[in-house]
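Listed in TrEMBL for this protein:
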type     : residues : note
COMPBIAS : 60-80    : compositional bias 'Basic and acidic residues'
COMPBIAS : 81-95    : compositional bias 'Low complexity'
COMPBIAS : 107-132  : compositional bias 'Polar residues'
COMPBIAS : 165-177  : compositional bias 'Polar residues'
DOMAIN   : 197-502  : domain 'CDC20/Fizzy WD40'
REGION   : 1-132    : region 'Disordered'
REGION   : 165-192  : region 'Disordered'
REGION   : 513-536  : region 'Disordered'
REPEAT   : 245-286  : repeat 'WD'
REPEAT   : 328-360  : repeat 'WD'
REPEAT   : 471-504  : repeat 'WD'
Amino acid sequence: MLSDTGASNLPGDVSNPFLSKFTSSPKKRRVSPAEESIATLREGMGRMDISSRGNSMDYLHMERKDSKETANRRELDRFVPSRPSSIAAHSHSSSTLPTLALDGHSPDTSMDRSGSLSMDHTTSSLSATLGVPQNNRRILSFRSAPPPASHATSHLDAQRNYLLHSSSSANRGTGTNAAGKEGNKKRAPPYVPERVLDAPGFEDDYYLNLIDWSCSNRVAIGLGDTGYVWDAESGTVNALGGGDESEDRPKVTAVSWSNDGAYLAVGTDAGEVEVWDVEEGKKMRVMGGHSARIPSLSWHGHVLSSGCRDGSIHHHDVRVAKHKVMELIGHNAEVCGLTWRSDGQFLASGGNDNVVNCWDGRIGASVLQTGEGVPRGVAKWTKRNHTAAVKALAWCPWQSSLLASGGGTADKHIHFWSTSTGARTSSLATTTQVTSLTFSPHSKEILGTHGYPDNTITLWSYPSLEKIWEVPAHDSRIICSSLSPDGTTVCTGAGDENLKFWKIWEVKQSKKDKGDEGGMINDGGMGRSKNTVRIR
């Protein structure tokens, strides 16, 4: 590189185009227009501020500007990345000067294209060297790009992209309270049940209710014409009546425990209700009155309600000889869903006529009488929003006025009702028939069991109705389910003749509960214990 002194001693040297021609003498000799254009071109090349190809008269125009502006332009950065690659590679050779026409047009189109390619190549190489992203991408970004995918990690990259795009809509829903946020917490679904019991002869009938879990941690199940009781503490199984097969008995269509867990009601295919003392293993009494099978039963205190296939509902007072104390007429088909609210003020029923009825819980309050002098009740309100049989019914333990109902195969919907006004508060569309519903006593969530075609159990948060997880549970459709006394485990029975126990929730104990010496606290009058249930 020549120094400034050498440049002043060689006024006629034009071998280096990057050296501007300065004269020490203030006198200017007269030059021709051609020499003036060549000098201007060399001076521009020396300043390295060429940004595009074009007319050389631009340099002549720049030379005619004010001397102060010219001095400022000489202070520009020499290292302009848009210069041709030939100049960048051979900065000291005068033979690499590009040929520029004075008329503003390139003499050769091929040369123009080659120059453009060389400039693009130079820009690309410089961007790669400095780490500057191309294709108009931002230099600064909030999230770095993932590494390039390979054939072995393509599924991981797809999963990463899904999580990035779905993170913004993770909390989507209508609920904004703490309950919805609690339900959205990620936790591992129970892919494997806690225990599986063989249940040979379990009837694959959608309308039957063959499982119930008592507050004393015993599970009752109807198999064929015999009812069985499985003790979850000891793991022993006892058959009602000793399992004597010599006697011709009707099939079991429904089972239900009393609130104290001492008595078990069994509905039969003959239209009779049997009451068993489980501790003694004796049949206490048989109550008739129905003309067809009894697929649904529900207790409240000393009153046992039974739903019949003919659409009638009877209230039985098990303390008196004339047990039938009231009859409810409001269904035209089989009553397959029946459940009392914990305080006994309302009774909900669902039938094969796609109807949900809510009844006043007061016994004998109606002025209507049957032919036998028995009071006849009328539904407080009736809903016909379902398009299939309504078997799944559940009362909310932390909001007494909330009732959930689920429809069958042609409906596949869960509706939520306010018993105070009879209005539908919300609805949830599912992909399969709903066979049972269970509200969690520990969190604002609801669990649904399903039949065709997926045979799954699904957990939703409430009131946002966001799906938390869905697990395939059985090989056949789930017929019914029941909740453990501690409110953590759900027992499901299906047509595949299996009884499975799923750990869904965890007990949340407060300081007051931990300090309680007895450890037995009733939950809403339902006789449930807050102690953790052991399953053997």
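Using N, Cα and C of the backbone, Cβ positions are placed for all residues, glycine too.
Long-range contacts of the repeat 'WD' (471-504) within its own chain (CB-CB distance under 8 A, at least 6 residues past either end) are made by residues 189-191, 193-206, 208-217, 219, 221, 232, 433, 435-436, 438, 440-442, 447, 449-452, 454-459, 523, 527-533, 535.
Secondary structure by DSSP for the repeat 'WD' (471-504): 0 helix, 20 strand, 14 coil. Taking DSSP states H, G and I as helix and E and B as strand, the repeat 'WD' (245-286) has 0 helix, 22 strand, 20 coil. Per-residue confidence over the repeat 'WD' (245-286) averages out at a pLDDT of 92.
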